[in-house]
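As annotated by TrEMBL, Zn(2+) binding site applies to CYS137, CYS140, CYS157, CYS160.
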Amino acid sequence: MTAKKLLDELNQVKLAIELIELGARLQVLESEVSLNRGRLVRLYKEVAGKSPPKGMLPFSTDWFMTWQPNVHSSFFYNIYVRLHQEQGLERLPAFIKAYRLYQEHIQMSGEEEVLALTRAWTLLRFFESDMFQLSRCVSCGLNFVNHAHTPDDDYVCGVCQPPSRAGKPLKKTTKKQNEI
(Lines of atoms letter the chains of each structure in order from A and count residues from 1; the text may use other names and numbers.)
(Lines give C-alpha, C1' and ligand atoms only; values in the text may rest on other atoms or scores of the structure.)
Protein backbone atom coordinates (compact mmCIF):
# COMPACT_ATOMS: atom_id res chain seq x y z
CA MET A 1 0.00 0.00 0.00
CA THR A 2 1.20 3.46 -0.77
CA ALA A 3 1.33 6.16 1.87
CA LYS A 4 -1.51 8.07 0.16
CA LYS A 5 -3.75 5.00 0.13
CA LEU A 6 -3.04 4.36 3.82
CA LEU A 7 -3.87 7.97 4.68
CA ASP A 8 -7.10 7.80 2.68
CA GLU A 9 -8.10 4.63 4.52
CA LEU A 10 -7.19 6.17 7.88
CA ASN A 11 -9.35 9.21 7.07
CA GLN A 12 -12.26 6.93 6.15
CA VAL A 13 -11.90 5.03 9.45
CA LYS A 14 -11.82 8.32 11.40
CA LEU A 15 -14.90 9.53 9.53
CA ALA A 16 -16.73 6.26 10.25
CA ILE A 17 -15.84 6.48 13.96
CA GLU A 18 -17.08 10.06 14.15
CA LEU A 19 -20.38 9.14 12.46
CA ILE A 20 -20.85 6.10 14.73
CA GLU A 21 -20.23 8.23 17.82
CA LEU A 22 -22.90 10.65 16.59
CA GLY A 23 -25.38 7.77 16.21
CA ALA A 24 -25.21 6.90 12.51
CA ARG A 25 -26.86 3.70 11.37
CA LEU A 26 -24.94 1.21 9.22
CA GLN A 27 -26.79 2.27 6.06
CA VAL A 28 -25.57 5.84 6.54
CA LEU A 29 -21.99 4.60 6.96
CA GLU A 30 -22.24 2.45 3.84
CA SER A 31 -23.40 5.46 1.81
CA GLU A 32 -20.86 7.96 3.13
CA VAL A 33 -17.72 5.96 3.91
CA SER A 34 -15.68 3.97 1.40
CA LEU A 35 -14.97 0.99 3.65
CA ASN A 36 -16.49 -2.43 3.01
CA ARG A 37 -19.51 -3.60 4.99
CA GLY A 38 -17.56 -6.17 7.02
CA ARG A 39 -15.09 -3.57 8.26
CA LEU A 40 -17.89 -1.13 9.04
CA VAL A 41 -19.75 -3.77 11.09
CA ARG A 42 -16.59 -4.63 13.05
CA LEU A 43 -15.82 -0.95 13.56
CA TYR A 44 -19.40 -0.28 14.68
CA LYS A 45 -19.22 -3.11 17.25
CA GLU A 46 -15.89 -1.83 18.55
CA VAL A 47 -16.93 1.83 18.82
CA ALA A 48 -20.57 1.43 19.92
CA GLY A 49 -20.05 -1.74 21.95
CA LYS A 50 -22.98 -3.47 20.25
CA SER A 51 -24.08 -4.76 16.88
CA PRO A 52 -25.54 -2.19 14.48
CA PRO A 53 -29.34 -1.98 14.57
CA LYS A 54 -31.17 -3.80 11.82
CA GLY A 55 -34.06 -2.63 9.74
CA MET A 56 -34.83 -0.04 7.15
CA LEU A 57 -34.13 3.65 7.49
CA PRO A 58 -37.07 6.03 7.86
CA PHE A 59 -38.25 7.20 4.46
CA SER A 60 -41.34 9.28 5.07
CA THR A 61 -41.24 12.99 4.37
CA ASP A 62 -44.33 13.37 6.56
CA TRP A 63 -42.34 13.09 9.81
CA PHE A 64 -40.42 16.27 8.94
CA MET A 65 -43.68 18.18 8.40
CA THR A 66 -45.06 17.58 11.90
CA TRP A 67 -44.72 20.52 14.26
CA GLN A 68 -41.75 19.82 16.54
CA PRO A 69 -39.68 17.78 14.04
CA ASN A 70 -40.18 20.58 11.49
CA VAL A 71 -38.78 23.20 13.85
CA HIS A 72 -35.74 21.05 14.71
CA SER A 73 -35.18 19.96 11.10
CA SER A 74 -35.40 23.54 9.89
CA PHE A 75 -32.94 24.69 12.54
CA PHE A 76 -30.45 21.95 11.60
CA TYR A 77 -30.82 22.44 7.85
CA ASN A 78 -30.35 26.20 8.07
CA ILE A 79 -27.08 25.62 9.95
CA TYR A 80 -26.03 23.12 7.26
CA VAL A 81 -26.84 25.54 4.41
CA ARG A 82 -24.84 28.29 6.08
CA LEU A 83 -21.80 26.04 6.54
CA HIS A 84 -21.98 24.36 3.13
CA GLN A 85 -23.07 27.12 0.79
CA GLU A 86 -21.97 30.28 2.56
CA GLN A 87 -18.83 29.07 4.37
CA GLY A 88 -17.77 26.67 1.59
CA LEU A 89 -17.40 23.50 3.66
CA GLU A 90 -17.74 20.26 1.72
CA ARG A 91 -20.97 18.30 2.07
CA LEU A 92 -20.05 15.73 4.73
CA PRO A 93 -17.88 17.97 6.96
CA ALA A 94 -20.65 20.59 6.82
CA PHE A 95 -23.23 17.93 7.72
CA ILE A 96 -21.22 16.69 10.72
CA LYS A 97 -20.44 20.19 11.97
CA ALA A 98 -24.07 21.30 11.54
CA TYR A 99 -25.27 18.26 13.47
CA ARG A 100 -22.78 18.91 16.28
CA LEU A 101 -23.90 22.56 16.45
CA TYR A 102 -27.54 21.42 16.53
CA GLN A 103 -26.78 19.03 19.41
CA GLU A 104 -24.81 21.69 21.28
CA HIS A 105 -27.64 24.20 21.01
CA ILE A 106 -30.26 21.66 22.10
CA GLN A 107 -28.17 20.62 25.12
CA MET A 108 -27.53 24.25 26.12
CA SER A 109 -31.22 25.13 25.88
CA GLY A 110 -32.26 22.08 27.89
CA GLU A 111 -34.57 20.87 25.13
CA GLU A 112 -35.08 17.29 24.06
CA GLU A 113 -33.09 16.23 20.97
CA VAL A 114 -35.74 15.45 18.35
CA LEU A 115 -33.54 15.05 15.28
CA ALA A 116 -31.30 11.96 15.38
CA LEU A 117 -28.30 11.85 13.05
CA THR A 118 -29.95 9.33 10.74
CA ARG A 119 -33.02 11.55 10.40
CA ALA A 120 -30.78 14.56 9.74
CA TRP A 121 -28.96 12.58 7.04
CA THR A 122 -32.29 11.52 5.53
CA LEU A 123 -33.38 15.17 5.54
CA LEU A 124 -30.24 16.11 3.64
CA ARG A 125 -30.91 13.37 1.09
CA PHE A 126 -34.50 14.60 0.66
CA PHE A 127 -33.22 18.09 -0.12
CA GLU A 128 -30.65 16.67 -2.55
CA SER A 129 -33.45 14.74 -4.28
CA ASP A 130 -35.59 17.89 -4.57
CA MET A 131 -38.28 16.44 -2.30
CA PHE A 132 -38.00 19.42 0.07
CA GLN A 133 -37.49 23.15 -0.18
CA LEU A 134 -36.98 25.93 2.32
CA SER A 135 -39.97 28.25 2.64
CA ARG A 136 -39.70 31.70 4.23
CA CYS A 137 -42.31 32.46 6.89
CA VAL A 138 -44.16 35.70 6.09
CA SER A 139 -44.50 36.41 9.81
CA CYS A 140 -40.99 35.87 11.27
CA GLY A 141 -38.92 35.76 8.07
CA LEU A 142 -37.14 32.51 8.94
CA ASN A 143 -36.74 29.56 6.54
CA PHE A 144 -38.51 26.29 7.29
CA VAL A 145 -38.51 22.82 5.74
CA ASN A 146 -41.45 22.36 3.37
CA HIS A 147 -42.45 19.96 0.61
CA ALA A 148 -40.91 20.86 -2.73
CA HIS A 149 -43.01 22.73 -5.28
CA THR A 150 -45.47 23.86 -2.60
CA PRO A 151 -46.75 27.39 -3.16
CA ASP A 152 -45.28 29.34 -0.27
CA ASP A 153 -46.19 32.99 -0.90
CA ASP A 154 -48.32 33.03 2.28
CA TYR A 155 -46.33 30.44 4.26
CA VAL A 156 -46.58 30.75 8.05
CA CYS A 157 -44.33 28.51 10.13
CA GLY A 158 -45.31 26.30 13.05
CA VAL A 159 -43.61 28.62 15.52
CA CYS A 160 -45.66 31.67 14.52
CA GLN A 161 -48.86 29.66 14.17
CA PRO A 162 -48.50 26.47 16.25
CA PRO A 163 -51.13 23.77 15.96
CA SER A 164 -53.71 23.66 18.74
CA ARG A 165 -52.10 20.67 20.43
CA ALA A 166 -48.51 21.83 20.09
CA GLY A 167 -46.16 21.72 23.01
CA LYS A 168 -44.92 19.08 25.35
CA PRO A 169 -47.47 16.52 26.47
CA LEU A 170 -48.40 16.68 30.12
CA LYS A 171 -46.72 14.06 32.27
CA LYS A 172 -49.15 11.43 33.43
CA THR A 173 -49.71 11.47 37.14
CA THR A 174 -49.50 8.24 39.01
CA LYS A 175 -52.22 6.93 41.30
CA LYS A 176 -50.03 7.72 44.26
CA GLN A 177 -49.84 11.41 43.32
CA ASN A 178 -53.61 11.53 42.83
CA GLU A 179 -54.24 10.08 46.27
CA ILE A 180 -52.18 12.77 48.01
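Positions of Cβ are set from backbone N, Cα and C atoms, glycine also.
Annotations in TrEMBL come from automatic prediction, not curation.
Locate each feature and note its surroundings.
DSSP classifies CYS140 (Zn(2+) binding site) as coil under the three-state reduction. Cβ-based neighbour count (10 Å, all protein chains) for CYS140 (Zn(2+) binding site) stands at 12.
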State the three-class DSSP label for CYS160 (Zn(2+) binding site), counting H, G and I as helix, E and B as strand, and everything else as coil.
coil
Counting other Cβ atoms within 10 Å of each Cβ, which of the binding-site residues CYS137, CYS157, CYS160 scores lowest?
CYS160
When you average the Cβ positions of CYS137, CYS140, CYS157, CYS160 for the Zn(2+) site, which other residues in that chain have a Cβ within 8 Å of that mean position?
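Output for this site, in sequence order: VAL138, SER139, GLY141, LEU142, PHE144, TYR155, VAL156, GLY158, VAL159, GLN161.
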